[in-house]
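Enquirer: Annotations for this protein, taken from Swiss-Prot, read as follows:
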TRANSMEM  25-45  transmembrane segment
TRANSMEM  69-90  transmembrane segment
BINDING   HIS75, HIS174  heme b b562 binding site
BINDING   HIS89, HIS188  heme b b566 binding site
TRANSMEM  105-125  transmembrane segment
TRANSMEM  170-190  transmembrane segment
BINDING   HIS193  ubiquinone binding site
TRANSMEM  218-238  transmembrane segment
TRANSMEM  280-300  transmembrane segment
TRANSMEM  312-332  transmembrane segment
TRANSMEM  339-358  transmembrane segment
Amino acid sequence: MPHQQILMLFGLLPVATNISTWWNFGSMLLTCSALQIMTGFFLSMHYTANINLAFSSIVHVVRDVPHGWMMQNLHAIGASMFFICVYIHVARGLYYGSYLNKETWLSGTTLLIMLMATAFFGYVLPWGQMSFWAATVITNLLTAIPYLGTTMTTWLWGGFAINDPTLTRFFALHFILPFGIISLSSLHIMLLHEEGSSNPLGTNSDIDKIPFHPYHTYKDLFMISSMIMIMLLTISFIPDIFNDPENFSEANPLVTPQHIKPEWYFLFAYGILRSIPNKLGGALALAMSIMILLTVPFTHTANTRSMTFRPFMQLMFWTLVATFMIITWTATKPVEPPYTMISQVTSSLYFMFFMSNPIVGWLENKIMKTQL
């Protein structure tokens, strides 16, 4: 709408008075992406995409480059902070019914897929033991695709095994994808401002709005400052909290780590993958764990938008949060009982939330009608 665009130019965009702190994570994500692009740019100046030099180039950045340790840690901790904010942002969208703004939700889910791909390519670049073996395990899943799988895997690797061409193309992809993320983020924000943000009540907030500036700008700045402070405290005192000890050893194709696992933010999807004993089934479940978010706007049957007044859905939502955490925890454990059974049960519960969403909505409508 032209009227809204003029208001945006002067920072007068009207926003609902009752939006809570959960609405601040969008601006925090923009800050994260800006930080990641800046630190990544400086790191790329010193990085060498060669299997014999990649690991040494990271060591060189940390030891010899002025403030290189800070750049490297900011980039690594920044990725974790990015995913913490993303998962909270998605959870808020699910809880408050923001997914009913279909275009914004679908562009956001596409952004999440692009972000996960970028993070995966980035995890391979240091060429440590876990980087190499995580890349081998995850890319090998393509071989599960009937007929085309082996050809696609060879094409992705640039050979018959993960080697120098693989690292070179992963670096190229890791460099180019963030620009796609920035472009899609712009589209995501434009689509959001076509309709405007929802609010915790899930009602139309046209009746009661305030200008975005100064109220929400200061609130955003406070949350961004808090996030940066947490990041700086983490890189100063516990910089390796999210790192795997195996990744401090250079990649060796002849030595397999005892327990192969990706970064913590992929563990829920990896846990779902591991819970299914069939390779193709596991690969499909892995893809569906993210793709199922695309179905949410089309399966909403409740008359109420937000979960604020939906106790049954609240129970299901917090069960989803608990299952997400339990799957993440089981993915860090060996593939043996009782962990396999726990991950199978929690994976089923994860998908059950999305499948039972329309049924619960329909039941709630029935209960509301009988009470009226």
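Each Cβ is built from the backbone N, Cα and C atoms, and glycine gets one as well.
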Enquirer: Using a Cβ cut-off under 8 Å, which residues of the same chain at least 6 positions beyond either end of the transmembrane segment (69-90) come close to it?
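Expert: Distal contacts: 22, 25-26, 28-29, 32-33, 35-36, 39-40, 42-43, 58, 61-63, 108, 112, 115, 119, 122, 227, 230-231, 234-235, 239, 242-243, 263-265, 293, 324.
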Enquirer: What number of additional C-beta atoms lies within 10 angstroms of the C-beta atom of HIS174 (heme b b562 binding site)?
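Expert: Neighbour count, Cβ to Cβ under the 10 Å cut-off: 22.
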Enquirer: Any idea which of the binding-site residues HIS188, HIS193 has the thinnest Cβ neighbourhood at 10 Å?
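Expert: Minimum Cβ neighbour count within 10 Å, taken over the binding-site residues HIS188, HIS193, occurs at HIS193.
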Enquirer: Sort out the residues at least 6 away from either end of the transmembrane segment (312-332), same chain, that have Cβ-Cβ distances under 8 Å to it, and list them.
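Expert: Counting only partners 6 or more residues beyond its ends, the transmembrane segment (312-332) has Cβ contacts under 8 Å with 87, 91, 94-95, 259, 261, 264, 267-268, 270-272, 274-275, 302, 339, 342-343, 346-347, 349-350, 353, 356-357, 360-361, 363-364.
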Enquirer: Given the transmembrane segment (339-358), which of the listed stretches 25-45, 170-190, 218-238, 280-300 has the most Cβ pairs that are under 8 Å apart from it?
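Expert: The stretch with the most contacts is 280-300.
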Enquirer: Could you round the CA separation between the residue listed as 'ubiquinone binding site' and HIS89 (heme b b566 binding site) to a whole angstrom and send it over?
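Expert: One finds 17 Å between the Cα atoms of these residues.
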Enquirer: Using DSSP reduced to three states, classify HIS89 (heme b b566 binding site) as helix, strand or coil.
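Expert: For HIS89 (heme b b566 binding site) - judged by DSSP and reduced to three states - the answer is helix.
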Enquirer: Taking the Cβ of HIS75 (heme b b562 binding site) as the centre, count every other Cβ atom within 10 Å, in any protein chain shown.
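Expert: I get 21 for this one.
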Enquirer: Could you round the CA separation between HIS188 (heme b b566 binding site) and HIS174 (heme b b562 binding site) to a whole angstrom and send it over?
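Expert: Here the two Cα atoms lie 21 Å apart.
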Enquirer: Might you list, by sequence position, any residue in that chain lying six or more from HIS89 (heme b b566 binding site) with a Cβ less than 8 Å away from its Cβ?
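Expert: HIS89 (heme b b566 binding site) has long-range Cβ partners PHE25, GLY26, LEU29, GLY108.
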Enquirer: Could you say whether, by DSSP, HIS188 (heme b b566 binding site) belongs to a helix, a strand or a coil region?
Expert: helix
Enquirer: On the three-state reduction of DSSP, what should I expect for HIS75 (heme b b562 binding site)?
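Expert: DSSP assigns HIS75 (heme b b562 binding site) to helix.
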